[in-house]
Amino acid sequence: MAEVVSMDEIRATAARLDIDLSSVDLDSIRLPPGEDFGVISDDEDLKGEDPLEFEAGFGNIIVVDNLPVVPKEKFDKLEGVIRKIYSQIGVIKEDGLWMPVDPETQKTQGYCFIEYNTPQEAELAKEKTNGYKLDRSHIFAVNMFDDIEKFMKVPDEWAPPETKPYAPGENLQKWLTDEKARDQFVIRAGSDTEVLWNDARQSKPELVYKRSFWTESFVQWSPLGTYLATVHRQGAAVWGGATTFNRLMRYAHPQVKLIDFSPGEKFLVTYSSHEPSNPRDTHRVVINIFDVRTGKVMRDFKGSADEFAIGGTGGVSGVSWPVFRWSGGRDDKYFARIGKNVISVYETETFTLIDKKSIKVENVMDFSWSPTDPILALFAPELGGGNQPARVSLVQIPSKEELRQKNLFSVSDCKMYWQSNGDYLAVKVDRYTKTKKSTYTGFELFRIKERDIPIEVLELENKNDKIISFAWEPKGHRFAVIHGDSPRPDVSFYSMRSGTNTGRVSKLSTIRGKQANALYWSPGGRFIILAGLKGFNGQLEFYNVDELETMATAEHFMATDVEWDPTGRYVVTSVTSVHEMENGFNVWSFNGKLLYRIMKDHFFQFLWRPRPPSFLSPEKEEEIAKNLKKYSKKYEAEDQDVSLQLSEQDREKRKMLKDEWERWVNEWKRLHEEQKLERQMLRDGEASDEEEEYEAKEVEVEELLDVSEEVISFD
C-alpha cells in the first residue's frame with residue numbers, strides 16, 4: 001500500500017514545484033485501479049451490503065434467446081427482422097448485433113447479443129420484448145448480459161439460509177422522550193446539514209448532529225419522523241438512532257432525483273429520469289418502490305416520461321410528482337397513479353393491480369385520496385363541447401363502488417381539498433360566464449362522513465372575486481379563503497356548522513384589505529398566519545380564529561417559507577437561497593413573538609421533524625384540556641426556574657459588560673495621565689485640559705510657496 005500523505009505535505013510539495021493548488025481540480029484525479037492510498041471510502045461497505053451492485057461494463061448489452069435456428073442463406077433475413085424490432089427501442093451500436101453460428105452445422109444457435117448506446121435503452125428493450133411472440137414456436141426470452149454471471153453463480157443444490165442471532169436495534173423514537181418536550185428540525189446551509197433542538201426557553205437552538213456533504217441535493221424526514229433521508233448519485237439512504245444519526249439502510253438507484261415515503265413509513269419511492277440517446281425520444285423514467293426496513297425492491301416501473309406525465313403539476317421533465325399517491329391512514333395498503341383514461345390502483349400485499357385491472361374513467365385529469373379512508377376523489381372535465389358535463393366522483397377501494405357523483409357544467413378548472421380528518425372535501429370550481437369571456441369561482445362542499453354524502457354549494461358574496469388561497473383548519477370544521485384583487489385582498493372564515501345546525505355552512509367573518517397571499521393554519525387549529533410572501537415582502541399577521549382577532553403583526557423581509565412545528569407552539573419563517581441576501585430563519589411563538597433569529601449564508605432548507613399521532617384518545621385529550629390548570633402547574637414551575645436562570649445569566653452578562661467598561665475607563669485614565677506632559681508642551685506650557693479655560697483665536701500666517709521668473713518680450 002502507498003504511503004499516506006498529509007495535506008500539509010501536499011501544500012509544501014506544491015509550493016516547492018511552484019504549483020497553484022487552487023487551479024487543480026481535485027475531483028478529476030483518478031487513483032490507479034485497486035489503489036486507495038490508505039484512505040477508506042465511506043462507500044466501501046456498499047460492496048459487502050449489495051453484491052448485485054457490480055460494474056461489469058456490459059450493462060448496455062442484452063441476450064435474446066429462443067430465436068429461430070436458420071441456415072446460412074437465411075441468416076441476413078433473420079438479422080434484418082431482429083434489427084427492425086430492436087432498433088425501434090434504441091440506437092444499436094455499429095456491429096452491435098451478433099448471432100453465433102455453429103461451426104459444424106453452419107446454422108445459428110438460437111440466440112443473439114445486442115449492444116445499445118446506453119444501459120437505459122438495454123433495460124427498456126428487455127422490458128418491452130421479453131415474452132415477445134415472433135411466431136407460434138418462437139417466444140423471446142430476454143436477459144441483461146450482466147445477469148448471466150449472476151445466474152451462473154446459483155448453486156446446483158439448495159442450501160438453507162444462515163440464521164443470524166437476534167440483535168436488538170436502537171430506539172428510533174428516543175427523541176420523543178426529551179424531558180423538555182422540545183422539537184427537532186433540520187437545516188441545510190452551504191455544504192453543512194445540521195439537526196438541532198428548538199430550545200425556545202433559552203431563545204436559541206441546541207445542536208444534535210452536524211455533517212458536511214451529508215447529501216448531494218436535499219434531505220427529507222419520513223412522515224412520522226422516524227428517519228431522515230438523504231439523496232446521492234448512487235441512490236438514497238435513511239438515517240436515525242437513539243442518540244445520533246447512523247445510516248440504517250441504503251437504496252441503490254443511480255441518478256435518483258426525487259423520493260417519497262408512504263404515510264406509514266413502510267415503503268420508499270425513488271425516481272430518476274435519463275436523457276435518451278435519440279434526441280427525438282422523451283426522457284426515460286425509472287421508479288422503484290423499496291421496503292424501507294429491508295431495502296428490497298418490491299416493484300419497479302419503467303417507461304418514457306410521457307407515460308408518467310398525466311395529471312398533477314411539478315416534478316422533473318414534465319412528470320408530475322408524486323407519480324404514486326398513497327391511500328390515507330398508516331396501513332400503506334394501497335397506492336395509485338393516473339394514466340390515460342384510467343386510474344391504476346395497486347395493493348401492497350402483492351404489488352399488483354386490484355382485480356388485475358385499472359379503473360376506467362374517460363378523460364380523467366386528477367385524483368386524490370381521503371387522508372384517513374380508502375376513498376378516491378376523481379375529477380374528469382367536460383367532453384364533446386359541453387355535451388358531457390365535468391364530474392367529481394367518490395370511489396370506495398377496493399370494491400371500486402362509486403359512493404357519490406356530482407356533475408358540473410361550464411367548468412374551466414377544478415381543484416380538490418381534503419380536510420385532514422377526511423370529514424369534508426372542498427372542490428373549488430372555476431366556471432365560465434355565459435359569454436365565455438371570463439370565469440367565476442364557487443365551492444362544492446362534500447360531507448363525507450354523513451349519510452348519502454350531502455353536497456352544499458358555496459358562492460362568495462362577490463362571485464367574481466379571484467380565489468388566491470384556500471385552507472382547511474386541521475382536525476376542525478372551519479376553513480379560510482383569501483379572495484379579491486391584489487395588493488389588498490380580503491380574508492374570509494367559514495364553518496361547516498351553523499349555530500345549532502351542524503349540517504349547514506356559515507360565514508364567520510371577513511377581514512378586509514390584508515397584505516396576504518398564503519394561509520398557514522396551526523396543526524392544532526384555532527390559530528392561523530396570514531402571510532404575504534414574494535411580492536408582499538414577508539408580511540405576517542398572527543390571527544386567533546376562535547376570538548376573531550389579530551394577536552400580532554410582524555414582518556420577515558423577503559421570507560420565502562412559513563412552517564409550523566408539529567405541536568403548533570412555534571412557527572418558523574425563512575429566507576432561502578433564492579434570494580442572495582438575508583438568508584436564515586426566524587423562530588416565533590404561536591402568538592407572534594419573535595423568540596430568536598439565525599442568519600445562515602447559502603441557506604437551502606428548513607424542515608421540522610414530524611411527530612407520530614398521539615396515543616391519547618380524543619376523550620383523554622378533551623379531559624386534559626378541561627383540567628389544563630392542574631397539569632400546567634408543573635410546567636409553570638419549570639418555566640419560572642428557567643426564567644430565574646435566564647435572569648441570572650442576564651445579570652452576569654450585564655456585570656461582565658460593566659466590568660469591561662470600567663477596565664476600559666481606567667486604562668484610558670492611565671494613558672491620559674502618561675500623556676499629560678506631552679499635551680502641556682503642545683500647549684506652550686499650559687497645564688489645564690479644560691477647554692473652557694482657553695480662548696480660541698484665528699491667526700493668519702503667510703507662507704511663500706514658490707518663486708518663478710519669466711522674461712516677457714515686447715516685440
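Glycine too: its Cβ is placed from the backbone N, Cα and C atoms.
Here the structure is a predicted model, which means the values were calculated and not measured.
Record features (TrEMBL):
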DOMAIN    60-147  domain 'RRM'
REGION    680-699  region 'Disordered'
COMPBIAS  687-699  compositional bias 'Acidic residues'
How many of the residues that make up the region 'Disordered' (680-699) does DSSP mark as helix, as strand and as coil?
6 helix, 0 strand, 14 coil
Limited to the domain 'RRM' (60-147), I'd like the whole-number average of pLDDT.
91
Helix, strand and coil totals (DSSP H, G, I; E, B; other) for the domain 'RRM' (60-147):
30 helix, 31 strand, 27 coil
